[in-house]
Amino acid sequence: MIFGYARVSTDGQNLDAQTDALANAGAERIFADKITGSVRKRSELDQLIDQLRDGDVVVVTKYDRLARSLRDLLDIVEDIGTKGAGFRSLAEDIDTTTSAGRLIFHVFASIAQFERERISERTKEGLAAARKRGRIGGRPPALTEAQRVEVRRMRDDEGRKLPEIAELFKVSVKTVRRA
């Protein structure tokens with residue numbers, strides 16, 4: 001079965017152009033969401049994926065109607081694939097039911113993976129360079145070592161209440177407990 005999926009970001013936008021194109025592409029049933037693409041939980045899309053069976057195809061007019069980011073698109077198409085279904089985008093001429101379409105889609109996936117790895121490498125390089133310059137990173141400690149000694153003395157030796165100590169040092173009770 002061929003399923004169509006359409007999405008618009010606001011109630012003021014119209015789904016007609018998408019639903020007409022999907023019907024012309026052979027969609028027997030069309031699911032439509034009126035919600036921003038950055039929201040991953042979309043009731044109609046989730047319902048469509050739940051109904052997929054082996055050999056079905058999900059058709060969209062443009063891949064950005066299905067997902068806002070390449071990572072999200074890859075995840076959704078993987079979900080579709082685990083059901084034994086294919087994915088087709090009319091505007092980008094991607095069709096994972098054909099060997100050429102799968103190749104193109106896997107090239108997209110490889111580029112996305114490459115970009116994620118490059119971001120990770122740049123982040124690690126930046127952190128290493130910052131460490132060489134003496135930057136440790138992370139949140140600074142709430143209490144100095146001298147303050148920690150004083151908190152422990154007040155807590156353990158004097159038996160003062162944790163909320164009282166926390167108020168004096170302007171920190172949380174949890175910080176006093178961990179000192």
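Each residue, glycine too, has its Cβ placed from N, Cα and C.
TrEMBL does not curate its annotations; it predicts them automatically.
The active site, O-(5'-phospho-DNA)-serine intermediate annotation in TrEMBL covers Ser9. Of all Cβ atoms in the shown protein chains, 15 besides its own fall within 10 Å of the Cβ of Ser9 (active site, O-(5'-phospho-DNA)-serine intermediate).
Per-residue pLDDT, averaged over the domain 'Resolvase/invertase-type recombinase catalytic' (1-134), rounds to 89. Summarising the annotation, TrEMBL assigns domain 'Resolvase/invertase-type recombinase catalytic' to 1-134.
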So how many of the residues in the domain 'Resolvase/invertase-type recombinase catalytic' (1-134) end up helix, strand or coil by DSSP? 68 helix, 23 strand, 43 coil
